[in-house]
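Novice: Quick one: this structure, given as structure tokens, is what I'll be asking you about.
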Amino acid sequence: MRAPVRHATRRRLAADAALLLTAAGFALPLLWLVLASVDPGADLRVRLPGSVTAGHFDAVLTDEITFTPMLNSLLLCGGATLVTVVCAAFAAYPLSRYRSRFNRPFLLTVLFTTCLPITAVMVPVYGLFVQVELIDTMHGTALFLATSQLPFAIWLMKNFMDGVPRVLEEAAWTDGASTAQTLIRVVLPLTGPGVAVVMIYTFIMLWGNFFVPFMLLLSPEQLPASVSVFTLFGNYGSVVYGQLAAFSILYSLPVLVLYVLIARRLGGGFTLGGAVKG
Amino acid sequence: MSRNARAAGAWRWLPLAPATVLLLLFLAGPIGYCVWIAFTDAQLTGASGADFVGLDNFRRAFADEDFRNAVWLTLVFTVVSAVLGQNTLGLALAGLMRAASRPVRTLTGALVITAWVLPEIVAAFLLYAFFRREGTLNAVLDQLHLPSQNWLFTLPILAVSFANVWRGTAFSMLVYSAALAEIPRDVTEAAAVDGAGGVRRLRYITLPMLRRSIGTTLMLNTLSTLSVFGLIWAMTRGGPGSRSQTLPVFMYDQAFLKSLIGYGTAVALLLLLVGSLFSVVYLRLLKVEV
């Protein structure tokens, strides 16, 4: 019995070493972010700061640099997330519950759109937005953002609703509830965790989105954090790197926290959308 | 049930309406517009003056040195970062994690996933700092007495490819971890009892059983890599010169910086066509039962 045990230990140690090496590669850029944000003389290298300062955070915690862009991001991505989740919840219900010839083509189209490179659509979207005067408006941009996440949200939501037993709804119907009542009172509470996952996932995706607001919003006072961070710090060289790091941390923190909230469900049966497992 | 079914009739499909309207207005609309504009000579100054020019934009693209350069760079970027990088590294990490001890597994997973959850622009800043001449990578190379260089200048396309691997590997890792967990233990154990070594078990058991996951992950990685813009734009702006100018960056450059909306849209349409092709392959691989 001793030989296989030792063999297993050796195998585990080898795997640990390989993983730690890779982890170091992933950690180095992150380490720079954390260390530079508190290093008074931060440059582009990872190094232990001689002294620690909160000065960079102080410097960026102003209306212009942090609060206005973050509020814009919140309005833009929050609004878009709401639209996405409501539309996806409504759309997923009939797709999950009724049988029709129409289901399969609709869902296949949705899945197909999920994969399309949204980047490629941005040039014509810009052109259209100029013509219908939606360019440089928060609501126009939010609606486009919402639509860009909609296909995936519908797909996810449908998979979650498939998991809710029909019997419960039939009971509600028997008691005289309408379809809308059934959806709101019975199905949504039961799909609650699923809806939360879709909501948080959509929000994370939108919060980090750079290209869409970069193209569709022009006035500096409307820019969300993803674009303002680029216009403020994108001209490397004339930048205080410590402040860049400090702001990047502030801007990333909300999505990191949100991710931790849904991490368990993302890692489990969900596997990023069921889209992957079919 | 019958009361509901009959009374509701077509009305019960009504909840689909908001989503459908949004998708038609903001996605199908622009795609249709894209197809039309791609055949005109529209400029940024006013689409009203656009004339139909047939296939001119496409002819121009295929004769354009810069376009061919962008296609080549997109190919390099996709193969290096999506196919070789994200996919292989993701599979390796998922495999190693099954053999590794718990704390190491958790630590690695957390780091790889953090890189993935970070906003695109922040990731771009971090990897810019990592690859700069005075950045961390060169500092590490100095320590190891290896030659350092200005990565963003000498090998910009490799630098952005590595950036994309850093940012995108988590997805493959999660998918493969889930897929590996579904392979029944007794199959691998039986093979081990029959004397199959690690490499042969990988070759004849694990990989064939992961075939479908590998196919779909490859497609999804390719599709998301095809539309990477912010990462490259914030790290190099497609430069120096046009040496990291992939198709999305080229498209942006032509349409907005050079004001050639028609030409830029033609490039966008080509990108969409390539994307659609991959999507169709993906759907075939998935064999969805909906």
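All positions are counted from 1 along the displayed chain.
Even glycines carry a Cβ here, placed using N, Cα and C.
In TrEMBL, annotation is done automatically, which means it is predicted and not curated.
So TrEMBL says this about it:
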- A:70-262: domain 'ABC transmembrane type-1' (DOMAIN)
- A:73-93: transmembrane segment (TRANSMEM)
- A:105-126: transmembrane segment (TRANSMEM)
- A:138-157: transmembrane segment (TRANSMEM)
- A:195-218: transmembrane segment (TRANSMEM)
- A:238-262: transmembrane segment (TRANSMEM)
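Describe the structural context of each listed feature in the structure shown, including burial, neighbouring residues and relevant distances.
Specialist: For the transmembrane segment (A:105-126), the list of distant contacts is 95, 135, 144, 148, 151-152, 154-155, 158, 211-212, 215-216, 275: same-chain residues at least six beyond its ends, Cβ to Cβ under 8 Å.
Residues 72, 75-77, 79-81, 83-85, 87-89, 91-92, 95, 107, 110-111, 113-114, 118, 125, 129, 191, 194-195, 197-198, 201-202, 205-206, 209, 212-213, 216-217, 222, 273-275 of the same chain lie 6 or more positions beyond the ends of the transmembrane segment (A:138-157) yet place their CB under 8 Å from a CB of it.
Sequence-distant neighbours of the transmembrane segment (A:195-218) (same chain, 6+ residues past either end, Cβ-Cβ under 8 Å): 73, 76-78, 80-81, 84-85, 88-89, 118-119, 122, 125-126, 129, 134-136, 138, 140-141, 144-145, 148-149, 153, 156-157, 160, 188, 224, 226-227, 230, 254-255, 258-259, 261-262, 265-266, 270.
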